Amino acid sequence: MDQTPSYSPPSGTAVILAAGLGTRMKSTRPKVLHPIAGRSMLRHLIAACQPVFSHIVVVIGPDMDSVAREAAPHPTVVQQERLGTAHAALQAMALVQQGEVAILYGDNPLISTATLHTLVQRRRQGDAVLAMLAMRPPEPGRYGRVITEKYQTGDYVSRIVEYAEANEQERAVTLCNAGVFCADAASMAAWLGGVENANSKGEYYLGDIIPLAIAGGGHVAAVEAPYEELRGINSKVELAEAEATVQIVLRRKALENGVTMTAPETVFLSADTLLAPDVLVGPHVVFGPGVTVEEGAEIRAFSHLEGCHVGRHTLIGPYARLRPGSVLGAGAHVGNFVELKQATLGEGAKANHLTYLGDVEVGARANIGAGTITCNYDGVHKHRTEIGDDAFIGSDTALVAPVRIGRGAITGAGSVIVDDVPADALALARGRQVNKPERAAEIRRQLKGSV
């Protein structure tokens with residue numbers, strides 16, 4: 001998950017391995033498409049790579065068209081047989097451009113741009129032919145240990161030892177392999193082509209490029225990065241843990257940028273949520289993907305926003321829902337149990353209670369009464385409603401689209417509006433009230449007499 005500025009100019013290639021089945025997820029969805037903070041793991045990693053690498057290639061498995069669509073416009077290559085990580089990386093080398101190439105895993109979505117930049121810069125120092133990421137997990141037991149040796153020019157990696165094969169001294173090492181490697185493209189292609197599958201699973205492992213790099217007379221440098229960035233996500237438990245980690249980071253970033261949250265631990269943000277300074281967010285608010293909120297807006301408790309823009313000094317909620325395509329002008333009000341979808345509210349417009357506004361444009365300062373509904377769907381097509389500036393929509397009005405309410409027009413409460421209403425007109429579309437004296441008392445007597 002990237003939290004850093006862009007690095008310029010990007011160069012080289014990032015190869016993302018995304019062909020794994022992810023069986024521990026117990027899901028029909030490909031592992032890299034599971035979301036964290038409203039964004040797939042794959043898109044998190046692509047976003048981190050883009051400021052550093054000019055070219056990105058994603059390796060997918062057979063029948064993974066959904067992953068290819070998620071990767072677009074970046075090219076994909078199919079690993080027809082899942083023969084290991086080195087084999088997967090080798091499939092991509094025909095698409096790799098000159099310069100550095102980094103091999104990454106699609107289930108490591110929290111790597112930051114800063115860490116990737118550090119990895120590339122370490123490789124470019126010239127004393128190491130291969131740079132790799134390493135970490136110190138709180139529970140290192142299942143990870144391969146990074147064994148280093150001292151040389152005249154510094155400490156370099158001598159080998160990776162899997163935990164099952166490590167002796168007591170090696171198991172005591174806390175520096176562990178994160179599985180991310182960076183080298184020049186020509187060397188990487190040669191090493192990948194030289195990896196053998198002489199192991200119990202008969203697979204070609206990416207980590208086996210290390211002895212090949214050393215055998216060629218080169219050094220391998222380890223770049224240590226935070227475990228929270230490099231942890232793999234292989235199960236729903238780990239997915240939930242990653243979500244919690246990311247939410248903490250996003251909340252802190254928002255608070256540091258001047259957002260007020262009365263109960264930040266209950267607020268859920270998306271990776272692309274943009275909240276301006278002096279926005280006030282109440283408890284239990286959810287921001288889905290694609291939300292921007294301008295300064296001074298207040299989002300009250302239990303509101304849900306996605307794909308919308310909220311203008312300055314607006315008031316949202318509590319219990320409001322803003323769906324994709326909704327745009328609120330400055331000073332607009334959207335109150336409790338109001339739902340907006342593809343709706344534009346002009347400056348100062350208000351819809352304060354129990355309302356559905358879909359496929360509608362509401363003018364400035366218009367007032368939408370409680371219980372108003374835009375009837376936008378005829379069973380086949382969606383239709384739009386237009387409400388002019390300063391219009392007043394009476395409570396419990398049904399606006400049957402397509403329909404236009406003119407500037408300054410008023411609709412009577414309980415009306416079903418099927419025709420356009422001219423500017424400054426009063427529209428009444430309901431039966432005339434009839435009062436029948438004593439009829440209620442007569443009805444009660446009849447009912448009681450039937451008991």
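Backbone N, Cα and C define each Cβ position, glycine as well.
Taken straight from Swiss-Prot:
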- H353: active site, proton acceptor (ACT_SITE)
- 17-20, K31, Q79, 84-85, 105-107, G144, E162, N177, N234, R323, K341, Y356, N367: UDP-N-acetyl-alpha-D-glucosamine binding site (BINDING)
- D107, N234: Mg(2+) binding site (BINDING)
- A370, N376, Y377, S395, A413, R430: acetyl-CoA binding site (BINDING)
- 1-236: region 'Pyrophosphorylase' (REGION)
- 237-257: region 'Linker' (REGION)
- 258-451: region 'N-acetyltransferase' (REGION)
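In terms of Cα spacing, the binding-site residues L17, G20, N376 that come within 10 Å of D107 (Mg(2+) binding site) are L17, G20.
Secondary structure of the region 'Linker' (237-257), assigned with DSSP and counted as helix (H, G, I), strand (E, B) and coil, comes to 20 helix, 0 strand, 1 coil. Among the binding-site residues G20, G106, N234, not one has a Cα within 10 Å of the Cα of A370 (acetyl-CoA binding site).
Taking a C-beta cut-off of under 8 Å and a sequence gap of six or more, N376 (acetyl-CoA binding site) has these contacts in its own chain: G358, D359, V360, K382, H383, R384, T385, A401. In the predicted model, the region 'N-acetyltransferase' (258-451) has a mean pLDDT of 98. Among the record's acetyl-CoA binders, A370, N376, Y377, S395, A413, R430, no two C-alpha atoms are more than 22 Å apart, and one pair sits at exactly that spread. Ranked by Cβ neighbours within 10 A across all protein chains shown, the binding-site residues L17, A370, A413 are led by L17. Annotation note: N234 (Mg(2+) binding site) sits in a coil segment as assigned by DSSP. All protein chains shown were included, and the count of other CB atoms within 10 Å of the CB of N234 (Mg(2+) binding site) stands at 15.
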